[in-house]
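Taking it in order: structure first as structure tokens, then the write-up.
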Amino acid sequence: MSSNPCSGAPHTIFMLGQPLRVSLSPFFERLTFMQTPQFPFRSSQAAAWIRALSVLAVVALVSACGSDDKSNSAEKTPPMVTVQEVALSDADLIQEYPARVRGAREVEVRARISGVLQERVYVEGADVKEGDILFRIFPEPMQILVKQAEAAKSNAIAEVKQAEREWERAKQLFERGALSASERDRTQSQLDFARAGLDEADALLDEAKLNLSYTNVRAPMDGSASLEVVPEGSVLAVGALLTTLVKQDPVHVIFALPERDAAMQRAAQIEDDTLNGAVTMLMADGSEYPRTGSIDFTSSSIDNATGSITLRAVFDNPDRQLIPGQFVRIRLVLKHFTDQVLLPSEAVGASGEGPQVLVVNDDSEIEIRKVKLGDILGARQIILEGVEPGDRVVVNGQVGLRAGAKVRVDGGETEQEPATDDAEE
């Protein structure tokens, strides 16, 4: 049977082949050296070295004994744990989706007639109002066409008047029997042709005036004008792109929901009419956009390539903080939970029998509870079964704990977290 190395009984330690007998009393009163006949020390200097090394060995042994005493004392002290008292609370299952900003309306401004671009009137990047002149096309060719159309109309009016006079004479002659029916009919047809010619001349004149008005290219709506596409002096064909107008207030934000999330959202909206499609937005720097948006469009079909459904949200943008083409993130409430047990995810452990948590009972002893898990809400886990309100669940310090182990509860229990959580993507 081995003796306790830290007791006061004598012990023999071999140092450099020299046996050193040490008696460890509380004050280390005795310290003797014995020399073996095989290794006699003839030098006093060597003996001094041995004494010094021996003292170091004794100090190390004493330190080890002190450490053992402290370890034994620590093992007797129950470990400290942090707990959270179980309580029922409400929470939202929130998901984030990548999205892109678009103008509520984006219109391409194109030339409606051919000609030479004379002038850009607007300031690139500035806001314009509906009806403002953006470009001017040289008007002279269109002015000439208007004059030609006016002359053609005057000619048509004269022909109509002549045909009407001939028709009056033909009627009189026919009544007196001096004109045949065929001649009368021919005269009437000439009047009809003249009147049709006048209508055509009217239409051509209207067209010429309309084309003349197209020499002033006007804004079709309120919006922000982009850069000019072609410079002044360019020859334009009909339909040539000149610039683009974008309506930036409000803006549309396009994003897509995975099929699973879309199904969850639809089912939740049927059960809870408070889920009205309100969304929030995160900017590129992680800050939240100060205004709330609303979903105004949901695709009626799933994209075969991505397995997702396209949605569109509308946001007011009076200060132009949102720019078309900008990438953002949309936060959408998929489901609302009421009266649920929510615990930090780190409080839930796993065993061969399934998920479990550690509960501190009234005797400060550990109980192992098997639990049934629900949805994950960000850093928290919904617990469906296994714990009850008032239970104290260990959320920190679980390592090494077993059923029945005594613990000390940290004075500050963790409080229930806010009721809104972001779901993990």
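Any Cβ shown, glycine's included, is placed from N, Cα and C.
Looking at 146-173, 314-341, 342-369, 370-397, the range annotated in TrEMBL as coiled coil turns out to be 146-173. Looking at 66-85, 406-425, the range tied to region 'Disordered' in TrEMBL is 406-425. DSSP assignment over the domain 'Multidrug resistance protein MdtA-like C-terminal permuted SH3' (341-397) gives 3 helix, 37 strand, 17 coil.
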